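A.B. asks: I am attaching a structure below and will ask some questions about it afterwards.
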Amino acid sequence: MKLAAMIKKMCPSDSELSIPAKNCYRMVILGSSKVGKTAIVSRFLTGRFEDAYTPTIEDFHRKFYSIRGEVYQLDILDTSGNHPFPAMRRLSILTGDVFILVFSLDNRDSFEEVQRLKQQILDTKSCLKNKTKENVDVPLVICGNKGDRDFYREVEQREIEQLVGDDPQRCAYFEISAKKNSSLDQMFRALFAMAKLPSEMSPDLHRKVSVQYCDVLHKKALRNKKLLRAGSGGGGDHGDAFGILAPFARRPSVHSDLMYIREKTSVGSQAKDKERCVIS
């Protein structure tokens, strides 16, 4: 408890950071069990790979960024491959802004699950489209993981291409290896570009800052914003982008998620700079 209090004192709360709603996003990782979802998340957050397998029920992470004079919040939701609660999966999809669908190249069942997941995402998001009367783009990448193994492939390239489609701005495919850290950076860059988010959110394009320096988020952002307004180009390179992994991040409550969805589905409702992220 003392450790938690110390870290809380060192790092401002989400409300103290005052991040505009337009700068808050959620990345959702979906797929069957044992395909490497958690390994991909671990690479994204820490750069490390854990070989031991531990079944995931649902893991929630939060990361803050200071990029080009702006502060961003990215929530990362690592979902269960067993989906014991369909309603929770639907809620995760409704609140997601960008998606990573993962299958194992040596497991056809996991590929067929990704086929179902992609359709479920499109169907679920179409509800928002029908209510808002606006186009709802769904930035989505499909990952064929475990490309480092010498195995017999159970999925043909033709099937993958058919699933992905011919519009790289809506869906892209990457053959990756979380174990070897192969093609992951390219995948994250493509996903953030698809979502029109700063490329510096990719783990290879920003500096990672320890939690005790959390207070520099706004100081650095304000400094860069002043430089940008002055036309000096401050904050324009990746050296001025950095991110902090929030300790003890908690998944927002169901009520908070439902309020967030309600806000998104309200006709003409758009995130404004004065609006703040929903804090559970």
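Positions of Cβ are set from backbone N, Cα and C atoms, glycine also.
Keep in mind it's a predicted model, so treat the numbers as computed, not measured.
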A.B. asks: For which of the residue intervals 53-61, 80-88, 224-232, 251-259 does Swiss-Prot record motif 'Effector region'?
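C.D. replies: Range annotated as motif 'Effector region' by Swiss-Prot: 53-61.
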A.B. asks: What same-chain residues, at least 6 away in sequence, bring their CB to under 8 Å of the CB of ASN82 (GTP binding site)?
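C.D. replies: When sequence neighbours closer than 6 are ignored, ASN82 (GTP binding site) has SER33, PRO55 within Cβ distance under 8 Å.
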A.B. asks: Using a Cβ cut-off under 8 Å and a sequence separation of 6 or more, which residues in the same chain sit near GLY147 (GTP binding site)?
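C.D. replies: Looking at Cβ-Cβ distances below 8 Å from GLY147 (GTP binding site), excluding near sequence neighbours, one finds LEU105, GLU175, ILE176, SER177, LYS180, SER182, SER183.
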A.B. asks: Using a 10 Å radius around each Cβ and counting other Cβ atoms from all shown chains, which of the binding-site residues LYS34, LYS37 yields the largest count?
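C.D. replies: Ranked by Cβ atoms within 10 Å, first place goes to LYS37.
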A.B. asks: Near GLY31 (GTP binding site), which residues of its chain come within a Cβ-Cβ distance under 8 Å, counting only those 6 or more away in sequence?
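C.D. replies: The answer is LYS37, GLY81, LEU101, VAL102, PHE103, SER110, GLU113, VAL114, LEU117.
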A.B. asks: Let's see if you can do this one: DSSP helix, strand and coil counts over the motif 'Effector region' (53-61), in that order.
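C.D. replies: Helix (H, G, I), strand (E, B), coil: 0 helix, 4 strand, 5 coil.
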